[in-house]
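Working notes for the structure below.
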């Protein structure tokens, strides 16, 4: 980032509360739609990415995030695509970390595929990042190559080790895929818990065309949990995060296991989050086509008055819940945009 002076947050800006009384305190920002993997459940192999000129600059992303922090966001997650492939992205992390220092922000974190972690883990830790999520669906090199199409498992594992060595807490996110990795979930859990890492399982989400039918990938996590219960003691944990995951403690490993089930059990009633794309589009719901342009008001004025008005309008229309569905009759994705654009 350049040394340009950022617009200071509006002092005393009001909190963001939607029509259903949910206060927005968690912002997820996709800083790029590009990725060095082509995961089969996320995008097609010949994915066409956005022109670079369409993306917000790092300075604009900083200003946008800061405006939301001034409105009550306490947790900020940077996503992609793969956030660590964006040029100079660490300058954005370093700049945003000032909000940790002032106490305006409780947590600055990111979700990554791990491919670039060995390069950036130490710097992330130095910037005040304390924990990260790593997307990893298998420990089998052949399956990993098949799922990611372009990925190198050894490089990801080295990145995870570098993150742990830098003092970052790591949580593994794994998408459960029918007839691909569902049989490997117990061993993936044992591996993660053995290293002191949590594991969260995620159902396939119907976002964007991927060149394959998602019904052939989908396995309900209720079935996965039932299978695990045959060999492990799963004790429900209280919901303390306000997020989409439902957690259990696995008595035999002492580790924590999460289930994100948008299709079999939605998580809308306690939703406290919104998403911003790398082009400045605000999505107040992952599973709806709602969209509000924040780039125009961001660029229209050096102060945040127009931006805050646009944010208020968008939050005022946040829907009660999503419309995710996967079945043979509805084989097209429920939502046209890709997760890589929305932010994973």
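In case you wondered, yes, glycine gets a Cβ from its N, Cα and C as well.
With 268, 271 listed by Swiss-Prot as binding [4Fe-4S] cluster 2, the candidate from 278, 285 annotated for that site turns out to be 285.
The candidate list 63, 77, 246 contains one residue that Swiss-Prot assigns to the GTP site with 28, 111, 171, 273, 274, 275, namely 77.
Fewest Cβ neighbours within 10 Å among the binding-site residues 35, 268: this applies to 268.
Of all the binding-site residues given, namely 35, 39, 42, 135, 271, 285, those whose Cα is no farther than the 10 Å limit from the Cα of residue 171 (GTP binding site) are 135. For residue 271 ([4Fe-4S] cluster 2 binding site), the same-chain residues that are 6 or more apart in sequence and have a Cβ closer than 8 Å to its Cβ are 22, 244, 285, 318.
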